[in-house]
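Comments concern the structure below.
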Amino acid sequence: MTDDTTPMTDGGTDEQARTDGGPPATVPPDDETPTWSERKEHTQGLAQLTYQYFERSRREDEDLRTESTYVERDVLGFPTWPHETLRNLAITSFFVGMIILVSAILPPHFGDPANPGSTPAIILPDWYLYWSFGLLKLDPLNPDLAVLGGNIVMSNELLGIVAHGIIFGVITLVPFLNKGSARRPVEQPFWAAVGAAGVTLSFTLAALAIQNFFPFQLELIVSLTFLLPVVAGVLTYAVLKTMREGYMYDLNRRYYMLRPPK
Amino acid sequence: MSLKKQDEMDHNAWLKTQDLTAIETVFLTTLIWLDKRLRIVDYLELLETMYYRANLQMPKSHTEQYDLDNKFWYWYPLYSLGSLSIIAYLVAAVTGALLGFYYAPSTAGAAAQGDPTAAYDSLVAIMTDVQFGFMLRSIHRWSAQFMVAAVFLHMLRVYFTGSYKEPREVNWVLGIVLIGLTLLFGFSGYVLPWKQLSFWAAQIGVEMALATPLVGEWAAQLLFGGFTLGQATLVRMYILHVFVLPFVVTGLIALHVGIVWVQGIAEPH
Ligand code: HEM
């Protein structure tokens, strides 16, 4: 074997002929990499706080992993790949087929050209905006909101916009109001009831948007718009409470089965 | 030390020493030829790893993997609704790009009130003259409807499985932005054909904007190009629909799914 410093036949060495800069001067051994706590000592202020927190969070993670005795409650998330992704691809590719099939069977309608001079009898957006359109038809409520000597507080249009703001605002607040680890609706009948009321409200608001199709008085429709969601909420609550009894019974069956049969 | 050509590297010589069938020879020669130029062995290795990961885990159902035994969760298929939103969005994007070849965002050409405009005529042309044009428009419409429906149902699934709880609040709020933008997507698209309902839906939009205190007039100028509807409105809706929203929504969906990827999916237990 020759090494880099052995003279070659032309008198030079490989070392001299080298064009790649040579091997790195020093290779830092692994144990020279500073540990978290060493780095923490070298830093100060916010950076130090960050390292302190990282260390705590790491330790917590490790403790949770080593001490966990059961799989169920303490798993925070399941891997996206491959379980979720593969199932989703299977189901969604079926639905792409459905989109194409439905498109072939039910081609979209096409109306008359725009005419700024003639307002159509029925103005409607696509179905998914009916609820929003319903919110713009809350003007029968407006006089009831009067405070200042019978003057309405805001124009009817503004009422509709404020209603949109309230709905988006409430939905945004949900994660900050409902905390805890419960996941199934039976575990939290109240929040499931709120959800059911919300879904019903979106339907009743849509119905309000197409109020001309209903042969009732407008007042009745407006009342139903807000009454039906409450009814749906109460029903959901009652059903889930009842289901929960059975659910708890299952969980507690061991307790009931304690006495040995004769 | 200079590298010398060694016997081990002479793949062709190695080939000759092997006792191979014709198919094997052709296969190996091609493989060597490709690998020398494209370094495909590295990528084959990646593929192999993926293949084993998928195959080792697929036959295990989620319930087996996590020892959930008898607790089969019958909402399971509803967890695909987020992906369905994405797929429907992609279908709409592809068909939309094709429709864009033929659509003209212009109110020109109407001699009197209520006459067809260039935009309206271009849609008529798409439906009657363009090969598969009617089908294209139909798929675009339906995939948009599927997407909106899927997004609504996805939101309900997240709500009723309590998946918005810590640490997923950010994704919930991001989702609300996404559903708002999805509805805006639908609205701006509804205006483009410039038919009666398009016009009057936009009219309601302008009126809503104008009724908003402080920012109302500014918003009406920005989104609708003025307080009365016309060419400016159509172009703004067009740019919103085919340029601004596609970029913003695609980016936000990527962020949304990226966060899901990092956090894992909140299965109920
Ligand atoms: C353009 C619209 C949307 C798209 C493309 C989308 C896509 C997705 C996807 C693919 C997932 C993975 C899990 C699954 O498929 O169910 C997901 C999860 C999630 N989405 Fe969406 N989403 C959208 C809108 C929304 C909306 C409107 C909300 C709620 C207001 C929301 C909140 C969430 C949350 C909290 C998760 C995490 C759930 C979990 O980890 O189980 N998303 N989204």
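Cβ coordinates are placed from backbone N, Cα and C, and glycine is handled just like the others.
Per TrEMBL, the features are:
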COMPBIAS  A:1-11  compositional bias 'Low complexity'
REGION    A:1-43  region 'Disordered'
DOMAIN    A:70-189  domain 'Cytochrome b/b6 C-terminal region profile'
TRANSMEM  A:89-110  transmembrane segment
TRANSMEM  A:158-178  transmembrane segment
TRANSMEM  A:190-214  transmembrane segment
TRANSMEM  A:220-240  transmembrane segment
* Spatial neighbours of the transmembrane segment (A:89-110) far in sequence, C-beta under 8 Å, 6+ residues away -> none
* Structure fact -> Taken over the domain 'Cytochrome b/b6 C-terminal region profile' (A:70-189), the predicted model's pLDDT averages 83
* Same chain, outside the transmembrane segment (A:190-214) by at least 6, Cβ under 8 Å from its Cβ: which residues? -> 122, 124, 127, 130-131, 133-135, 137-138, 171, 178, 221-222, 224-226, 228-237, 240
* To do: Report the DSSP secondary-structure composition of the domain 'Cytochrome b/b6 C-terminal region profile' (A:70-189) as helix, strand and coil residue counts.
  => 68 helix, 4 strand, 48 coil
